[in-house]
């Protein structure tokens, strides 16, 4: 969803008010001060930089997350053992997401926003550290000095004893993973203390990349059901009610990417942001990753459907930005992303005579880790594109 409000800022930061003080004298001779608050108006350069940066950042986790999704099923940790998401799961997901969104809305209406956001901050602090550490791990493997010894560790939790013993968590890691965890913890502390937009984006990119990599669909039909259902979900909650906007303005968590529109004026201390919610990166992203795995399953050494859907995403996101700025009204991004991401690959499959194979293929296996379901629910309830 695109929120065209310009008056709010990133949580815990204060928006500077531009006051035009007019001294006036009323009929009784008493002085009064009339102050008019002017909303921030971004320069064309600032707007172009902000939205261009958001589009670029959105493409990074989709592209690299899709590539990593091809091999992510080979994990040796039992905590990453996934569960297949079926067509029935996809059909129920918009209902579950709606209940989650409305539940958050009621919580913010009934209870103190401060305490709810404190709990959410701690929840996403832990998730963010794990997500960022997992994101950094492949890069650390490449740059880690060969002369430093690597020690292996294992975190094992079991339930029961004897023949009834069952593994709950069996996580293996090494020295490199520990270093990634330490670096991620530093970023997490920075975010908790300062709520800085760079720290927010580091966590946001990590969430998005992990979502695209680890949230798998079992076939193209399931992907169409999921995107179609969330298409209706997004349009209803944006145009039909004020629930999503209310939750978005109350929800303090790194589940959005932000970029300042006043960067040229204020540098890294800028506080007028354009925003892109992670839901509109992860939801289309897992479908694009599915099409990459479909390309691989065809064994034709081409990536036709992946690149087609990737370009379709760019087109849909560009349409969202254009419509938002043309009509100056909130827009649900999935309204444009879903038809583009589904329609473009379907047309290509129709032209290539592979439409039946695309929708009947069962080799494109994927899974949904249970531990990531709350995260995806949170992402689905977040507005997509606008200003904060």
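Residue 1 is the first one shown; counting continues down the chain.
Glycine is no exception: its Cβ is also placed from the backbone N, Cα and C atoms.
Heads up, TrEMBL stuff is auto-annotated, nobody curated it.
Sequence annotations record features per position, and here TrEMBL assigns transmembrane segment to 48-70, 90-108, 114-132, 199-217, 224-248, 268-292, 304-327, 333-351.
Beyond the transmembrane segment (333-351), the same-chain residues lying 6 or more positions past its ends with a Cβ under 8 Å from any Cβ of the stretch are 1-2, 224, 227-228, 230-231, 233-235, 277, 280, 283-284, 287-288, 291, 304-305, 308-309, 311-313, 315-317, 319-320, 323, 357-358, 384-385.
For the transmembrane segment (304-327), the list of distant contacts is 2, 4, 51, 55, 58-59, 62-63, 66, 280, 284-285, 287-288, 291-292, 294-295, 333, 335-341, 343-345, 348-349, 352, 358, 384-386: same-chain residues at least six beyond its ends, Cβ to Cβ under 8 Å. Contact between the transmembrane segment (268-292) and the transmembrane segment (114-132) is not supported: fewer than 3 Cβ pairs lie under 8 Å, counting only residues 6 or more apart in sequence.
In this chain, the transmembrane segment (48-70) does not touch the transmembrane segment (224-248); fewer than three CB pairs sit within less than 8 A of each other, excluding pairs fewer than 6 residues apart.
Sequence-distant neighbours of the transmembrane segment (90-108) (same chain, 6+ residues past either end, Cβ-Cβ under 8 Å): 116, 217, 222-223, 225-226, 229-230, 232-233, 237, 243-244, 246-247, 250-251, 377-378, 380-381.
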